[in-house]
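Accompanying notes for the structure given below.
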Amino acid sequence: MREPLKIKGFAIFKGLLDQETQAELVGDLRRVAAIAPFVSPVTPSGKPMSVRMTSAGRLGWVTDRRGYRYQKQHPDGMEWPPIPAIALDVWQQVSGVDRTPDCCLVNYYGEGARMGMHQDKDEGSFDWPVVSLSLGDEGLFRMGNPERGGKTESLWLQSGDVVVMGGVARPAFHGVDRIRFGSSRLLPKGGRINLTLRVVA
Ligand SMILES: O=C(O)CCC(=O)C(=O)O
Ligand SMILES: [Fe+2]
C-alpha cells in the first residue's frame, strides 16, 4: 500500500478502492438502505441537515430533537444491517488497531448538500481512529484543529479515497464545504456517499 498523504494529522489514502470495488460497495449499500432507509435528520436544535443518513453495524448514529447519539435501532425500529465486508476490509488495512468498528455511518450528499465543521465526539473515547471512505462525486473536505477556529486546510476527496482520523486529527474539527455534483459516474443519479467507521466505546 502506498504511503498516505498527511495533512494536519489526517492520513489520506488517495484511490485506495479501485472502480470495481467501489461499484461492489455501492451495491452493498443499496442492500443496507433497503433494510435501513436513509433519513433526513434534524439537529437537536431542529435544523434540518442537508445530508441524508443511515447506518450499518451494532450501533447507528442518529440525531433528532432528543440529541446526537448512538442507538441499536434505526428511527423506524429495525436493527441496523451488518457492515459491508469491503468496508471492514478497508478498516483492517488502514486503522492500525485490532478491534472491529461498531458503527458504519452512511451519509448521502445530494446536490447542494454539505456538512458544517464539527468534531466526531459521541464515541466516548478519542483512542480509536475514525476511518472515512468516499464514493461518487468529489467533496471538498476541510480539516481544522482540536479547538474550533484557527487555520484549516482543504482537499477534494474523490471516489475511492480513504481518510484516517487518528491521533491529533481524531479530535479535530472537520467538514465538507461542498460537492461537485455530477463529477463522478459511479452513482447513476449523482451525489456523494461517505462512510465513516467508528468504534463506540
Ligand atoms: O463526508 C465526509 O467526508 C465527512 C463526514 C463526517 O465528518 C461525519 O459523518 O462525521
Ligand atoms: Fe465527522
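Cβ coordinates come from backbone N, Cα and C, glycine included.
Database features (TrEMBL):
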- TRP61, TYR68, ARG69, TYR70, ASP122, ARG148: substrate binding site (BINDING)
- 100-201: domain 'Fe2OG dioxygenase' (DOMAIN)
- ASN107, TYR108, TYR109, ARG192, ILE193, ASN194, LEU195, THR196, LEU197, ARG198: 2-oxoglutarate binding site (BINDING)
- HIS118, ASP120, HIS174: Fe cation binding site (BINDING)
Quiz prompt | Cβ under 6 Å from ligand 1: qualifying binding-site residues of TYR109, ILE193, LEU195 | solution = none
Practice problem: Please work out the mean pLDDT for the residues of the domain 'Fe2OG dioxygenase' (100-201). | Solution: 98
Practice problem: Out of the binding-site residues ASN107, HIS174, ILE193, LEU197, give me the one sitting nearest to ARG148 (substrate binding site) by CA distance. | Solution: HIS174
Practice problem: From the binding-site residues listed here (TRP61, TYR70, TYR109, ILE193, LEU195, LEU197), select those whose CB sits under 6 A from an atom of ligand 2. | Solution: none
Self-check item: Three-state composition of the domain 'Fe2OG dioxygenase' (100-201), taking helix and strand from DSSP
Solution: 3 helix, 45 strand, 54 coil
Quiz item: Nearest to LEU197 (2-oxoglutarate binding site) in three-dimensional space, by Cα, is which of the binding-site residues TRP61, TYR68, HIS118, HIS174?
Solution: TRP61
Practice problem: Pop the Cα-Cα gap between ILE193 (2-oxoglutarate binding site) and TRP61 (substrate binding site) into the table, whole Å please. | Solution: 16
Exercise. Looking only at C-alpha atoms, tell me how far HIS174 (Fe cation binding site) is from TYR109 (2-oxoglutarate binding site), rounded to the nearest Å.
Key: 16
Exercise. For the recorded Fe cation site, enumerate neighbouring residues of the same chain (Cβ within 8 Å of the Cβ centroid of HIS118, ASP120, HIS174, site residues themselves excluded), in sequence order.
Key: MET117, GLN119, LYS121, MET165, ALA172, PHE173, GLY175
Quiz item: Looking at Cβ-Cβ distances, which residues of the chain lie under 8 angstroms from TYR68 (substrate binding site) while being 6 or more apart from it?
Solution: THR43, PRO44, TRP61, VAL62, ASP122
Quiz item: What Cα-Cα separation, expressed in whole Å, is found between ILE193 (2-oxoglutarate binding site) and ASP120 (Fe cation binding site)?
Solution: 18
Practice problem: Out of TYR70, HIS118, ASP120, point to the one nearest LEU195 (2-oxoglutarate binding site) in space (Cα versus Cα); all of them are binding-site residues in the record. | Solution: ASP120
Quiz prompt | Nearest of the binding-site residues (ASN107, TYR109, HIS118, ASP120) to TYR70 (substrate binding site), judged by Cα-Cα distance | solution = ASP120
Quiz item: Cα-Cα separation of TYR109 (2-oxoglutarate binding site) and HIS118 (Fe cation binding site), in Å?
Solution: 17
